[in-house]
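Down below is the structure, laid out as structure tokens.
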């Protein structure tokens, strides 16, 4: 292919600005905002979007997947157990059986977030990176959206006002920090919300409590993944991720039920 490439600077800049403006105009009022593009957040996004729910995922870093990429201590594999393996199979992720452990599978720690993120995007979810949620919209004792800022502006310590995204529901899938529910508790002490944080590692207990702890913790605000265990003082579990995927799916199902009943 020897054809001349077109590279006009003005056209490039105009294209970026117009497409970005159009995107933001479409995203300032959505059904669900998911804060944190880790395993549970991406899973929730996939199931919500494929059911026609207008979903945007906000991630402070420039990549999605949370801690999945690093596997276990940098070794490039994660473990997932039945029945969560079906969630990964739906996304076309290859799983290897663990000899002597019929309930366990290993998966490539790069393939998993890559394909799960693509599955969420293909389902219709929008993932925005480099965006941090610094506060919540709180109206009449209900979370009604998020207050957002550029992560680079926050890191630079610049005093620049944020903008907002309105939503029917917000999901805190920010992992161990549970930053969304912690922000709600810190800024609105009259609500009496306490976030005890997660306990030390007990994989079996941690995994089995994740779906149970996945729920609406304040009107309009759900927790899933490690944020759910942090809110309920559950145990951590290490590089086994089945509970995370099941938690994300359950969170999506809970919101779908709410939307259907409205």
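Heads up, the Cβ atoms here are built off N, Cα and C, so glycines get one too.
Annotation comment: Swiss-Prot describes 40, 59, 60, 67, 133, 159, 160, 161, 179, 226 as NAD(+) binding site. The Fe cation binding site annotation in Swiss-Prot covers 161, 176. What Swiss-Prot records for 236 is glycine binding site, and it gives sequence analysis as the kind of evidence.
For residue 236 (glycine binding site), the same-chain residues lying six or more positions away in sequence with a CB closer than 8 A to its CB are 176, 198, 199, 200, 201, 202, 206, 226, 229. Counting Cβ atoms from all protein chains shown, residue 179 (NAD(+) binding site) has 21 others lying within 10 Å of its own Cβ. Sorting the binding-site residues 40, 60, 133, 160, 176 by the number of other Cβ atoms within 10 Å puts 40 first. Cα to Cα, residue 60 (NAD(+) binding site) and residue 161 (Fe cation binding site) are separated by 17 Å.
All chains included, 6 other C-beta atoms sit within 10 angstroms of the C-beta of residue 161 (Fe cation binding site). Annotated pair residue 133 (NAD(+) binding site) and residue 161 (Fe cation binding site), C-alpha to C-alpha distance, rounded: 12 Å.
Each residue contributes its Cα atom, and for residue 179 (NAD(+) binding site) and residue 161 (Fe cation binding site) these two points are 20 Å apart. Largest Cα to Cα distance within the recorded NAD(+) binders 40, 59, 60, 67, 133, 159, 160, 161, 179, 226: about 32 Å as a whole number. DSSP classifies residue 236 (glycine binding site) as strand under the three-state reduction.
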